[in-house]
Amino acid sequence: MPDSLQEYRTYPARFLGLFSIFMLNMATSFVWLSYAAVPDPAKEYLSCSSTVINLTSIVYFIAYIIMAPVSGWMMEKRGIKKTLLFGGLLQIVGAWIRFFGDFIDSTPESPGGRLGVTLVGQIVASGAQPFFLNLPPKFAALWFSERGRTTATMLGSISNAFSVAVAQLVIPVLTTDKASVKTTLLVCGILTIVAIVPAFFVPDRPPTPPSPSAAEALLSTVEEPFHVSLKKVCTNRQFLYLLAVFGSFVATFNAITSLIAQFSSPYNYTAEQAGYIGAAMIVAGLVGAGISGPLVDRDKQFKTLCKTLVPMGVVLLITYNFVLRKDMFIGIIVVSALLGFCMFSVLPAALELAVEITYPVTPASSASILWAFGQLMAVIFLLVLGALQDDNLSKLKSINPPMIFLGGWCLVFGITPIMLITSPYLRLEAEAQSRQLNTAESASDVKV
């Protein structure tokens, strides 16, 4: 820890940083879901199959896995501002490549040109996501005190989920047929430009640290190589338990978000109704995260919250199998909302718990690995669920194979690992020791 007489304070600029992360995540969600949220018009526009539409989501997850280490390295070596700007510029390039693909004709007999340009743009834009999604724990650690870190991590992290909810509601309204896809792509392109503007005004670091751990990070003159930090994290058994849980929940959310229109279509639900289902999950999740973030900031019960809500989420996933039926729209909405409440409430606590059990390793390392593994699992889930999906699924009376798979997986790789986490909160303990030393030395100075 740094000098025990160090002064700690926070600055209003920290909220500008959170707003920048929010805006860039909003643009990411619109670009990501431009096609997946409206599969039927998108298939006509690109003259392709449902498999290719799923591919527009899968490339996001694959690119995330590849770029996550790059984003983590950039956060540590180049700073927060350059990380935001690089990701924002990458997203702009990808979004506008897709838009200009509209000028290439596409027919069922010759779909290659437009489809190829679209996939190139989608791949380029998808590489930007980890530069925003991995950042909240690192940003919160540098700009917020220990009384606000979890809430800041929560706000930064769920901004992605909130953006997904907005995109799922707005994109079906914008994209009513094949011809309107171009308008949606234009809106996405403009949004990427607007979203990057706040990043130009975000300071790279605060003038004075907000906490002992932030002071140590800001004042350290010996930078640990990023690959060394990754190795430390990956050999921490307690972190690996958390990795299994986090990866399973993130993959489940991404799979449901990407495929909800296809899951619900055999039961005669429209794309707009599918958007409402996804939005119900996310809005309720935002409420849950909004409650859990400040609660955990106050009580620091990261493990207790996770060990309570993870089993509840698994039970709701299994319940989903029995409500995803014809003429049960209200039931689907209710279960989706409860599921979102549980899953999102876990998110900020899990990200902060990862920092606590891997301290003094930088937050960028743990966040990068958690999110990258979640995206890797999402790719696997999408492929498996695509194979399990059946256009005649509505004929099945008692089981829904995709939901059975998700529930069974999280039952094994969600509940069991979370119960095995017993690590103390290493960062909080180190900060408590630093403050005790500060108090003791201050008292000594008074006596002298």
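For all residues, glycine too, the Cβ spot is worked out from N, Cα and C.
Feature annotation from TrEMBL assigns domain 'Major facilitator superfamily (MFS) profile' to 13-425.
Here TrEMBL flags 12-32 (among others) as transmembrane segment.
Under the heading transmembrane segment, TrEMBL lists 52-71 (among others). For the transmembrane segment (52-71), same-chain residues at least 6 beyond its ends with a Cβ under 8 Å from one of its own Cβ atoms are 32-36, 39, 42-43, 46, 83, 87, 115, 118-119, 122-123, 126-131, 133-135, 226, 230, 254, 258-259, 364, 368-369, 371-372, 375-376, 378-379, 382-383, 386.
As annotated by TrEMBL, transmembrane segment applies to 83-101 (among others).
Here the transmembrane segment (154-171) has Cβ contacts under 8 Å with residues 18, 21-22, 25-30, 32-34, 37-38, 132-133, 135-136, 139-140, 184, 253, 257, 274-276, 278-279, 281-283, 285-286, 289-290, 292-293, 344, 347-348, 351 of the same chain, all six or more residues outside its ends. Annotation comment: TrEMBL describes 154-171 (among others) as transmembrane segment.
Look at TrEMBL and you will find 183-202 (among others) tagged as transmembrane segment.
Summarising the annotation, TrEMBL assigns transmembrane segment to 239-261 (among others).
The transmembrane segment annotation in TrEMBL covers 273-292 (among others).
The feature transmembrane segment is assigned by TrEMBL to 304-323 (among others).
Feature annotation from TrEMBL assigns transmembrane segment to 329-355 (among others).
Per TrEMBL, the feature transmembrane segment maps to 367-388 (among others). Residues 51, 54, 57-58, 60-62, 64-65, 68-69, 71-72, 130, 133-138, 230, 233-234, 242-243, 246-252, 254-255, 258-259, 350-351, 354-355, 401-402, 405-406 of the same chain sit 6 or more residues outside the transmembrane segment (367-388) yet have a Cβ under 8 Å from a Cβ within it.
Per TrEMBL, the feature transmembrane segment maps to 403-426 (among others). Counting same-chain residues at least six beyond the ends of the transmembrane segment (403-426), those with a Cβ under 8 angstroms from any Cβ of the stretch are 238, 241-242, 244-245, 247-249, 252, 255-256, 263, 300, 302-303, 306-307, 310-311, 313-314, 317-318, 320-321, 324, 353, 356-360, 381, 384-385, 388.
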Close approaches to the transmembrane segment (183-202) from elsewhere in its chain (Cβ under 8 angstroms; 6 or more beyond its ends): 13, 16-17, 19-20, 23-24, 26-27, 30-31, 34, 38, 80-81, 84-85, 88-89, 91-92, 95-96, 98-99, 102, 125, 171, 174-175
Local confidence of the domain 'Major facilitator superfamily (MFS) profile' (13-425) - pLDDT mean: 83
Chain residues in Cβ proximity to the transmembrane segment (12-32) (below 8 Å; excluding those fewer than six residues from its ends, i.e. six or more beyond): 56-57, 60, 80, 84, 87-88, 91, 94-95, 98, 122, 125-126, 128-129, 131-133, 135-136, 139, 143-144, 152, 155-156, 159-160, 162-164, 166-167, 170-171, 187-188, 191-192, 194-199, 201-203, 206
Close approaches to the transmembrane segment (239-261) from elsewhere in its chain (Cβ under 8 angstroms; 6 or more beyond its ends): 33, 36-39, 54, 57, 61, 161, 164, 168, 233, 271, 274-275, 277-278, 281, 306, 310, 313, 317, 343, 346-347, 350, 353-354, 357-358, 366, 369-371, 373-378, 380-382, 385-386, 389, 402, 406, 409-410, 413-414, 417-418, 420-421
